[in-house]
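First the structure, in the form of structure tokens, and then the observations on it.
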Amino acid sequence: MMASSYNAKEEDGHNSGASNNGGAGVVKSKKPDNTAFKQQRLPAWQPILTAGTVLPAFFVIGLIFIPIGIGLFVSSNNIKEFEIDYTGVDINNPCYNCAKNFSWNSTTPCVCSVPFTLEQPFESNVFMYYGLSNFYQNHRRYVKSRDDSQLNGDQSALKNPSKECEPYRTSEGQPIAPCGAIANSLFNDTLELYHIDSNGTRNTIPLVKKGIAWWTDKHVKFRNPGGNNNLTVAFQGTSKPVNWRKPVYELDPSDPENNGFINEDFIVWMRTAALPTFRKLYRIIQKKSSTTPTLPSGKYLLEITYNYPVLSFDGRKRMILSTISWMGGKNPFLGIAYITVGSICFFLGVVLLIIHHKYDTRNNSPDIPN
Amino acid sequence: MLRRRLNRLLGGDERRVDSRTIYVGHRSSSTTEAFIPPKFCDNRIVSSKYTVWNFLPKNLFEQFRRIANFYFLIIFLVQVIVDTPTSPVTSGLPLFFVITVTAIKQGYEDWLRHKADNEVNKYPVTVLEQGRKIRKESEKIKVGDVVEVEEDETFPCDLILLQSSRDDDTCFVTTASLDGESNHKTHYTVPDTEKDLESLNATIECEQPQPDLYKFVGRMHIYKNEQEPAVRSLGPENLLLKGATLKNTQKICGVAVYTGMETKMALNYQGKSQKRSAVEKSINAFLLVYLCILVSKALVCTTLKYVWQSKPGQDEPWYNEKTQREKDTNLYLKMFTDFLSFMVLFNFIIPVSMYVTVEMQKFLGSFFITWDKDFFDPEIKEGALVNTSDLNEELGQVEYVFTDKTGTLTQNNMEFIECCIDGFQYKYRDANSELDGFCVTDGPVNKVQEKAGREREELFLRALCLCHTVQVKESTKQSQGDGLIDQVDGFGVDGEVPRPPQEQRGFIASSPDEVALVKGAMRYGFTFLGLESKTMKILTRNNDVEMYELLHVLNFDPVRRRMSVIVRSKSGDTLLFCKGADSSIFPRVRQEEVERIRMNVERNATEGYRTLCVAYKYLSAEEYAQADAGLREARLALQDREEQLITIYNQVETGMSLIGATAVEDRLQEEAAETMEALQGAGIKVWVLTGDKMETAKSTCYACRLFQRNTELLELTVRTLDDGGRRREERLHELLLEYHKKAVQDAPPVKAGVTRTWSSATQDYGFIIDGATLSMVLNSSSESNSSRYKNLFLQICQNCASVLCCRMAPLQKAQIVKMVKNSKGSPITLSIGDGANDVSMILEAHVGIGIKGKEGRQAVRNSDYAIPKLKHLKKLLLAHGHLYYVRIAHLVQYFFYKNLCFILPQFLYQFFCGYSQQPLYDAAYLTMYNICFTSMPILAYSLLEQHICMEVLLDNSTLYREIAKNAMLRWGPFLYWTLLGVFHGLLFFFGVRYLFSNPALQDNGQVFGNWSYGTIVFTVLVFTVTLKLALDTRHWTWINHFVIWGSLAFYMFFSFFWGGIIWPFLKQQRLYFVFANMLSSVSAWLVIILLILLSLLPEILLVVFRKPRGPHARQLSEGGLLQTSRLQRSHHYPTST
């Protein structure tokens, strides 16, 4: 046994000698590098999530979320919103006749007026939306039925729209501009708002039709072919969408900056909605002075040029008046959600604190004897 | 003439019956006959799979044979053919990426193989043609060419040695590159061939190529001037294998018999069968579940779509008319294409990238094993070797370790300890002056009082000196010094250091036992001087040189377990010396001699020594003549040569008389006991499978602490079977039942699964079985008993702490592994061994580990992982295996999870878009989600994560039990992850859905559309999924930080970029400024933050409620309090989630 241990030592000595003689190069090539990465010893932060570290986080989250939630809830509640359905399903509805007698071929527009009363004044800028229900703007066949290069003013696409536009691609042998189902079904009711004075006179409320579309859409994504002037010439050789009453270059003849493809109503419509019940910005009622409310409480009249049929697919049309806060339109969901989550966190924090406290004492007691 | 014709014809026949005829130097046996060269393949080695031309089609074909790739191809084709919601790019691009990366990797590997092939194929060789030496490229060698090879060159093909520059017609060869045995092997020229190869006219008949490196049978016909052809037998000793290197010999000439792909090396090159890991099986099971989810989702959507459409006005409202083609399509065809479209829409639930990531993880991860400096062994100057990276995680799942004894548990570094002659014990004691002690001329040793007669002593020592196949290292090489000697077998170091010059000799043998014995004899004064042209010279104690003519060597083989030599002494006596295992010697000697020695042998064996018995007999002239004739005849046989030889051997080796026995010590490997203890602590059952004797093996087991003092041993061996005095069958039956009752029925019920009780105070059992009994158990006479015994046996074994199987043949080892592997619960098995006899079990087990030991490299070549020492197994399993398993399990679960919550919102969206297959996310997001946004963090995690640091894993082997039985990939955790995915998916979708009940989200009253909806959901998704991983990461290196935060930053950057430009190649500018507008909305911010937090909340809660394991263990090890770690072990078991 003595000998064997002696031999072992001898062996070691011998080998270390040999390896030294063998030259560093040989050894280096075989021996693994002693780097932190290769030895899986990179310096590392090893976070330990324990009750102790997580507890404060719960309280902090709770303390942050609850105020935010309250803020959201309050501002959502402060938003004034008024909604009126003018589809005309009900026989008492002023638009009943327009809805019933709708025909694509009628030349005279059907006009109906819906009176309503605002109980409370709308103080700041008021945004006027139209809302549609059961309208599947997010149907795949519908969503893809557009040609963005045509809308971007591309000449070749204007004359030869994309295949995706079928069956709204050509009409009577001419390419449709703008092509596709989305453009074809452009919302074309005209809504006008009147304030009825106490003495019964109708005052037209000025509706601003600019600033309702995304700036980038209006200025970059949508462009008229060959500039904004002389649209009639630019769109020569194209046909209007089949369901439209007038060609695209007559959408807003009064303002060349809002005509053709860059008409804001058109751009807003072209941004397809996420859900089958949706609203789209129609007009803005600017606040005139700081003293008077934009829309004082009182009687109003909504005059609709009823062009857009929705009954065939059981849809509904609404007009919505709403003010806007920093968080957008009225939506209590966020506020409630924040308050709920904040409270849950806070509550969990308390529960955890209790459990942690108990667990700790239980855990510590057997450790003491050790 | 006629006869030769007949021969030729026969030759032709014989070729069909598994032999081939070779014309040496392409000279036909007769000049008059027209010589038709037989067709053989050329000497090109082709290990490459592809050529430049067939790479693309062949590689693509191979890749698409994988079921996953094929699935994605089908999806892609559906997208191309059918009008589907997402463009073919979304699935085509990832698929293309995957295929390209794989093709590049395989192409590169093949290029390397081409290079290696070329190196071999273009190597210049010298061929003798018509008396001239011609330099040729190696690939041009044809069968029958006479090739000249010089010293230190490798043989270009399999050659029959015709001529050697050495006087004794031998040459030395090392087969290090073939089987790793670095010792020099002697090969012989064909006897009586003419010196002038020019005029040699001969044919060789030999068997068709076969892969066994150690088998070759052939026959050489030498034609001399119309005489009857002389016939010489050819065996493996005449065959020089391609790949072996010529040593110690200036040059040789040989005739090529097998070339190119028919060489034994090439035949052995065949790839191993692919082993699949348990994780892969889990992946496939999960995949099936997800496929079902996918199909059912598509079915639900298709059904609902048609239900929805049946309402008037829904299918085709005026604003959304169908195209003419759609109207014309057959309803059922439309339903089918709708179904396919939904499949395509939801197909992202089965991620292409998972396969890439898993493969990358395995490939890159395996480098950590090769890089580990703890696996570096300064002695052999090598580290660990990874032959396959497919099984990394399997290392963390091992339940059974099958280990070889010799060379694995022990060092295979033999030392002669003692011998016994005629029952008298001779112990070599190294007195203080270690050398002089035994050089004393009177009496062998100054030891034990009683001694055998001097004659017997000398006979015994002569037997030791003669009965072996050891070669003496050429003294001419002395100049090259000790370094070379070391290399050969390491005996130079363990031999005694200062020696008289004539004793400073090296011995080379394939078995270290033989060297130990020869050296042992040398200590007692009998020195083996070498073998020269069939004459063995030994130097006796009296400094006389005795010469013996070596007549025959009856080689060692593991079945006979003995070897013999027949020599003729100067005086003309013919002697047979035989040495071998006691069990194979005792029945062949006179029984009265046995008892005296058996005692000694058994005592030695219990002490853990390897024992051999030595016997001899005088052969009378007739006996010898008979044996000689028999041996020669058997050696010439073309068929069944092995069997015939063995029969003759057995005939000759009878009626011997026993002289004595030797004991050789094989020391334990370093840290063998610690390693075994750690493995047992980890809940791994260790079985020792050895060819060695029971006593030796048992003592090794005790030494390794596999058996403890209080372990009750259940023995099922030939000895216990013979005890009762009844028939073995009956006794076996009885014992099996008895042990079964003890170990299985009476044992307290062991809880299955993860929470196996930590080795409790109950009685530990050890089980011992030997080869003979095992074969009785496995091949019991009656069919019904056989399976019953097998079951009983298995149950007993599985309830024992450790099992020792001794006297195992290599095939039996594999049988045992297979039996356990296929037993109930199909446990993961690991075999570890170092020798050729372990190859079968290494190949059989789930994971095969080779030790870079002394018994050649065969085990290493066939293994999945190779480590230099047994002690490295501990780190390989407990640290690397554990970590790999945790990493890959998490990787797999996470992948399924992240794709479920990716696709679920898309599925839910169908309910809001009229089941029109409208995708929620933009195509770019669909494509990039798995490739760019979420792939890197998980890859980094799966390479770097150390949820518990390595030291702790090594210190607390019980931690290994936590992941046993595939704990992280069972249905429980899978369900948890799936539910988490569903929860997140629902939360994302409905959170945003309620936000969008009023889509006027900007402070200027403008509204958001469907793409904003999708982008908000997607943003929440990317952040949540990444942060979820961040929560799971316990080991944050800078790489993790970089990749996690980098991925999120990249997502933001990409979204801006993607939405910031009107892309001319896109048909629709869907995302134009959508992301920027989203960020300008406070509500969007708030909802994103809310949803991310809300989704992670349960996760955080769970982390808190779960007992902190990792940190706990870490603190404990820092404290170094083993006591507390045991006390609190109960906390370590996770309530499996």
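Easy rule for this one: first residue shown is 1, then count along the chain.
Just so you know, glycine gets a Cβ as well, placed from its N, Cα and C.
Record features (TrEMBL):
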- B:Asp404: active site, 4-aspartylphosphate intermediate (ACT_SITE)
- B:Asp404, B:Thr406, B:Asp834, B:Asp838: Mg(2+) binding site (BINDING)
- B:37-91: domain 'P-type ATPase N-terminal' (DOMAIN)
- B:123-264: domain 'P-type ATPase A' (DOMAIN)
- B:64-82: transmembrane segment (TRANSMEM)
- B:285-308: transmembrane segment (TRANSMEM)
- B:339-358: transmembrane segment (TRANSMEM)
- B:924-944: transmembrane segment (TRANSMEM)
- B:974-996: transmembrane segment (TRANSMEM)
- B:1011-1030: transmembrane segment (TRANSMEM)
- B:1042-1063: transmembrane segment (TRANSMEM)
- B:1083-1105: transmembrane segment (TRANSMEM)
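Counting Cβ pairs closer than 8 Å to the transmembrane segment (B:924-944), the top stretch among B:285-308, B:974-996, B:1011-1030, B:1042-1063 is B:1042-1063. Simply put, out of B:285-308, B:339-358, B:1011-1030, B:1042-1063, B:1011-1030 has the most Cβ pairs sitting under 8 Å from the transmembrane segment (B:974-996).
Within the chain, the transmembrane segment (B:64-82) has long-range Cβ neighbours (under 8 A, six or more residues past its boundaries) at 88, 90-92, 94-95, 98-99, 287, 337, 340-341, 343-344, 347, 350, 352, 355. Same-chain neighbours of the transmembrane segment (B:285-308): 68, 314, 335, 338-339, 342-343, 346-347, 349-350, 892, 896, 900, 907, 910-911, 914-917, 974, 978, counting only residues six or more beyond its ends whose CB sits under 8 Å from a CB of the stretch. For B:Asp838 (Mg(2+) binding site), the same-chain residues lying six or more positions away in sequence with a CB closer than 8 A to its CB are B:Asp404, B:Thr408, B:Pro810, B:Lys813, B:Ser831, B:Ile832, B:Gly850, B:Ala859.
Cβ contacts within 10 Å of B:Asp404 (active site, 4-aspartylphosphate intermediate), excluding its own Cβ and spanning all protein chains shown: 31.
Under the DSSP three-state reduction, B:Asp834 (Mg(2+) binding site) is assigned to coil, being neither helix nor strand. Reduced to three states, the DSSP call for B:Thr406 (Mg(2+) binding site) is helix. Using a 10 Å radius centred on the Cβ of B:Thr406 (Mg(2+) binding site) and all shown protein chains, the other Cβ atoms total 27. Other C-beta atoms found within 10 angstroms of the C-beta of B:Asp834 (Mg(2+) binding site) number 28, with every protein chain shown included. According to DSSP, the domain 'P-type ATPase N-terminal' (B:37-91) comprises 30 helix, 0 strand, 25 coil.
Per-residue pLDDT, averaged over the domain 'P-type ATPase N-terminal' (B:37-91), rounds to 81. Helix first, then strand, then coil: DSSP counts for the domain 'P-type ATPase A' (B:123-264) stand at 17 helix, 64 strand, 61 coil.
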